[in-house]
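The feature compositional bias 'Basic and acidic residues' is assigned by TrEMBL to 1-13, 62-75, 100-110, 130-144, 155-189. Feature annotation from TrEMBL assigns region 'Disordered' to 1-36, 51-223. The compositional bias 'Basic residues' annotation in TrEMBL covers 51-61. Look at TrEMBL and you will find 89-99 tagged as compositional bias 'Acidic residues'. Under the heading compositional bias 'Polar residues', TrEMBL lists 118-129.
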Amino acid sequence: MAPTKRPREEDNSSRSTTKKPRHGFKVGPDNLPDGTWRRKVIAIKKDLIHKAKVKKSYAKIKAREPLKDERKIYADDEDKEDEVTKNEEGEDAVEGEEPAELHPQRKAMLDEPEADTATKTVPRYSNNSEDAKDKKRERGEKRGAKPAYFAKELAFAEKQKAEQQARREEFERKEREKKAKIEERERFRRQMAKARSGGKNGQRKLGRESQVLLEKVKRVVGN
């Protein structure tokens, strides 16, 4: 087994003496080009340093004068308690004193029997339902009818609805007339085709054809 080497004492001393350089805190990368972002990073870093200094100085001031604030708080509390006790004692003294002489009218009101006061007092909700309805009706008459906010729009909508209904009826009437004319022409065509077709001997049926033509003439003259 190979012997192990003992570490030198110089190594320990050299390690303990060497100190790493302290770098400040970083807000952004160091390799930023000179421009908007670099200036922004520098401004943020300065702001953070200023806030840290203010916080540190505030902590020092607070550590120096903690007792003064506490004494002041305790003194304020004691003053408030003294004022409260004085006010309570003053109220007790006022209550203990005899009341001053009352006004004659007030004394007469207090001396009146309870029955008279009961008759004079009127309940708050003494009106019956009929009186309430009458008052409500009177208020409505005074106020007048509610204004028709959408009267113009409603009238316009009704007019449009009536016009649409009239157009629909006219369209349906024309469709019926068109259908009737088509059926009439088809019937006339069939009758003429039947009349012109030859009979057993191949002759045209002039009587039937004349009747069909006469009906057509009457219809044209009548229209």
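Cβ atoms here come from the backbone N, Cα and C positions, even for glycine.
TrEMBL labels come from automatic prediction, so no person has curated them.
Helix, strand and coil counts under DSSP for the compositional bias 'Basic residues' (51-61) come to 11 helix, 0 strand, 0 coil. Counting residues per DSSP class in helix, strand and coil order gives 35 helix, 0 strand, 0 coil for the compositional bias 'Basic and acidic residues' (155-189).
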